[in-house]
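Student: So that we are looking at the same thing, I have put the structure below in structure tokens.
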Amino acid sequence: VEQGCDASVLLDDDDASNFTGEKSAAPNANSLRGFEVIDSIKSKLESACPGVVSCADILAVAARDSVATLGGPTWTVELGRRDSTTASFSNANTDLASPLMNLDELISVFSKKGFTEKEMVALSGSHTTGKARCLLFRNRIYNETNIDSEFAKSIQSNCPSSGGGDNLSPLDDGSPVIFDNSYFKNLVNNKGLLHSDQALFNGGSMDSQVATYSENPITFYVDFANAMVKMGNLSVLTGTDGEIRTNCRKVN
């Protein structure tokens, strides 16, 4: 199964047909949310022009518009994607980056999808917004040494050493609901929330790239926008491949 910009992630599990979607895969479970927003957009579009706009295109445009609305860059979204008629639970488990990964593992995962190391760092900047569960950064804030001690203490108040695994903390403590380069400034100051965040700035080959983005927001914006266009063109379905789903949660 090709994993690309094909809205496969929106498909629900279907017990009747013994189909398991990607929502319950380890990197997505209790993490991805906002599916009802896509449902609402799809419903309005189906009323206005049925069978024309794919769920995959909706996702690509929503990603761009949400970034721009939060103060980040904008970019031209190419349209005409079609929706997958299947999903891959196993691929979602193996191909998506984990918050526990080290730098070499992150580089490898992104490289398999055709992204350069620089593009990987730029795309990681999306962590300037959003939240993560205590379960995924508990070990970092209690046991890792490459973390600012005051920052660790402040996060510990919402993430006890046991229990509270679903408690949420912002990925970017500096400006959690603004799309800016604060995420990279955090990394330079050892305030990355996830192990995989701080791995980008930890005496390795990407330190200079992180430093550049921390000092030059426009450079980050340009690189992020270009990388998002590239991601939106990944393994797309066009022509007679796939379909235009009527309901983003299930195949027609």
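Including glycine, each Cβ sits where the backbone N, Cα and C put it.
Annotated Ca(2+) 1 binding site per TrEMBL: Gly4, Asp6, Ser8, Glu22, in sequence order. Summarising the annotation, TrEMBL assigns heme b binding site to His127. Under the heading Ca(2+) 2 binding site, TrEMBL lists Thr128, Asp172, Asp180. Annotation source TrEMBL lists disulfide bond at Cys55-Cys248, Cys134-Cys159. Positions annotated as domain 'Plant heme peroxidase family profile' by TrEMBL: 1-252.
Locate each feature and note its surroundings.
Tutor: In sequence order, Ser8, Val9, Leu11, Asn28, Ala87, Ser88, Phe89, Asn91, Ala92 make up the list of same-chain residues 6 or more apart from Glu22 (Ca(2+) 1 binding site) whose Cβ falls under 8 Å from its Cβ.
Packing around Asp172 (Ca(2+) 2 binding site) is summarised by its Cβ count: 27 other Cβ atoms lie within 10 angstroms of its Cβ, all protein chains included.
The number of other CB atoms found within 10 A of the CB of Cys248 (disulfide bond), across every protein chain shown, is 23.
Neighbour count (other Cβ atoms within 10 Å of the Cβ, all protein chains): 20 for Cys134 (disulfide bond).
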Student: Round to the nearest Å and give the CA-to-CA distance linking Gly4 (Ca(2+) 1 binding site) with Cys248 (disulfide bond).
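Tutor: A Cα-Cα distance of 16 Å.
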Student: For Ca(2+) 2, what surrounds Thr128, Asp172, Asp180 with a Cβ no more than 8 Å from their Cβ centroid?
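Tutor: What remains near the Cβ centre is Gly125, His127, Thr129, Gly174, Ser175, Pro176, Ile178, Phe179, Asn181, Ser182, Tyr183.
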